[in-house]
Amino acid sequence: MNAVAKIEQHNPIGTDGFEFVEFTAPDAKGIEQLRQLFNMMGFTETAKHRSKEVFLFQQNDINIVLNGSPTGHVHEFALKHGPSACAMAFRVKNASQAAAYAESQGAKLVGSHANFGELNIPSLEGIGGSLLYLVDRYGDRSIYDVDFEFIEGRSANDNSVGLTYIDHLTHNVKRGQMDVWSGFYERIANFREIRYFDIEGKLTGLFSRAMTAPCGKIRIPINESADDTSQIEEFIREYHGEGIQHIALTTDDIYATVRKLRDNGVKFMSTPDTYYEKVDTRVAGHGEPLEQLRELNLLIDGAPGDDGILLQIFTDTVIGPIFFEIIQRKGNQGFGEGNFKALFESIEEDQIRRGVI
């Protein structure tokens, strides 16, 4: 069951969670590498678009679209950014009404690239020139039933490692743009700020503002650098612009999921050993097996008996500078604020080793 932030407010476009995230790469080799990555992460390639080089990967309630189109907006995006996250989609109650409202609030509608007989899904210009699709359920048929041919004998969980749904999706923006993008989501869909962090490492720092939709199912933290050399600025330089930094996917058993992912060849960011020396003090009474946390490099945060805890881990960068987060919530609806500094410092130490700062 989806854990959601408890938000009670006007929902002008009827948001109801993430529908999909779309990825691309500039050439066939890059597309094949993404296909292999999604297989390693437990997704099954269940369908192919009827007329385009577009493929659907699924696992429980997570939909990933892999777009290998050699022309058009997506290809231009890939040529600029390399392997990248070129779009995301919100589930909404009525897509056309949602698009009209968003446009009335200053969003820029992007022209459709649908062919005859295909769904014309409204899209807005999003972060870094990516697209933000607005998708409703079109009665009894999903968007995939209309535009995709499903592969016989395959189902979403054939290769599942236990990932269940998209928990949040984080943006990295240029300095001075955090207010711009938080304001964008506030205007078009009545998002509200639920967390704000100011993280300082040894040499660099960042600000982060977490925005949540009225439905409580769409959470978008927005990161902005405090200086020229932080990991946020490095991302923007490598990615050639702003964009989606990471995608957080939930699991009901992070220990089992991470073991399966490791067995499949997925690499994770390391955690300093000193982190685990402080866990029992920082999260007293957490009740988790400390040696397994250490073995798997899992991070823990929260307040047992109060708001609960969460467990999380981050992959290495796997799509250009983009990475994935695996998260299990045990009552806690935060973003691992207590881990931000530890994680920030570990990435910063890697930057120092590589001579970036």
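Any Cβ shown, glycine's included, is placed from N, Cα and C.
What Swiss-Prot lists as Fe cation binding site is His168, His246, Glu325, and the listing cites similarity to another entry. The annotation domain 'VOC 1' is assigned in Swiss-Prot to 17-137. Positions annotated as domain 'VOC 2' by Swiss-Prot: 165-316.
When the domain 'VOC 1' (17-137) is classified with DSSP, helix, strand and coil residues number 36 helix, 43 strand, 42 coil. Over all protein chains present, the Cβ of Glu325 (Fe cation binding site) has 23 other Cβ atoms lying within 10 Å. Neighbour list (His168 (Fe cation binding site), Cβ cut-off 8 Å, at least 6 residues apart, same chain): Ala210, Arg219, Ile220, Pro221, Ala248, Phe335. Proximity of His246 (Fe cation binding site) to non-local residues of its own chain (separation of 6 or more, Cβ distance below 8 Å) is seen for Leu169, Thr170, Phe314, Ile322, Phe323, Phe324, Glu325, given in sequence order.
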